[in-house]
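Going by TrEMBL, these are the annotated features:
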COILED    233-283  coiled coil
DOMAIN    13-82  domain 'Myb-like'
Amino acid sequence: MMASQKTGTSKDRTTNFSKEETVKLTCLLKDYSIITSKRTDHASNQQKDAAWRSLAEKFNSDAVVYRNVKQLQQKFNNMKKIARKETNWRWTTTPKPSETTEWLNTIMGESISGLPAIYDSDALVDGDTTLEMSNTAECTISLDLMENEMSDAGGTANTSLNECNNLLNTEVLDDIETDADSKKVDITFDNSTPKALLRKPISKQLSSPHNKRKKCYTPFEARKRIVTHFEEKKEFLTEKKSREEQIKKYAQEEHQQNITHKADKYKREIEFMEQKHALYMEQQKEMHELEVVFKKNIQELLLEKVKLEILKIKKCSCISEQ
């Protein structure tokens, strides 16, 4: 039976998994070991997706309620959560783990049950640790008894301890000598001190200028030198400030002179252009007047020529008539 979709939400709500469906899912998961694998690379994820799709097809082949891949994955995750809770709380008053939990423990192992806490009080106490604790307790008790006996014995115990220490030291020294002879290593100790090393500077740059100082000043002389140095510095700063002001003043004057020079240059250029234009106009006017006079003279000459030709024609006609 398909569940109805709620209005206003995009989440599908279906019926809960029954016991038969859970058993069926566990049986199908046994055939797909890739699903329980811890690998998360690209190829493994693709194989897991393909396995989940084929598992969903097999699950829905004869199912009463349709379950998609997302719902089956969510059910598997819930099963793992329940199994972790049951395995982690096994030694409390919880009920016996279910068959699904036991099956997941056999498949996934430590990812469900987890690792035992060695350094925590929740871990189970093994037989070895109890033996170690008993041995340490016995050792501490025997040491306490030995100390009490030594305190009662007084000087005899101290002498015996000193003898034991001497014997141990001699044995250790003998061992060291034999080891040194076997290895043939010459051990040389440096008797120099850091102070002796610092007496000689490594280079001229690191040498202190204290030795170069030949005069020792009294507090009054030192104060006087400080005052004179301060006054000299003050005079130097005042001179520097006055020089900066003079430079600023010279820069302003130079800027003003540049502006006036550029203005004069612009005015002269305008005057020159006006004069040039006036001369050009006068030349054009004179040329026009000359052209007019020349044309007038040409016309007069042409008229005289025409008159002369007319007279010639008249003379020729008179001669022909006679």
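Placement of Cβ uses the backbone N, Cα and C atoms for every residue, glycine included.
Automatic, uncurated: that is what TrEMBL annotation is.
Averaged over the domain 'Myb-like' (13-82), the predicted model has a pLDDT of 88. When the domain 'Myb-like' (13-82) is classified with DSSP, helix, strand and coil residues number 45 helix, 0 strand, 25 coil.
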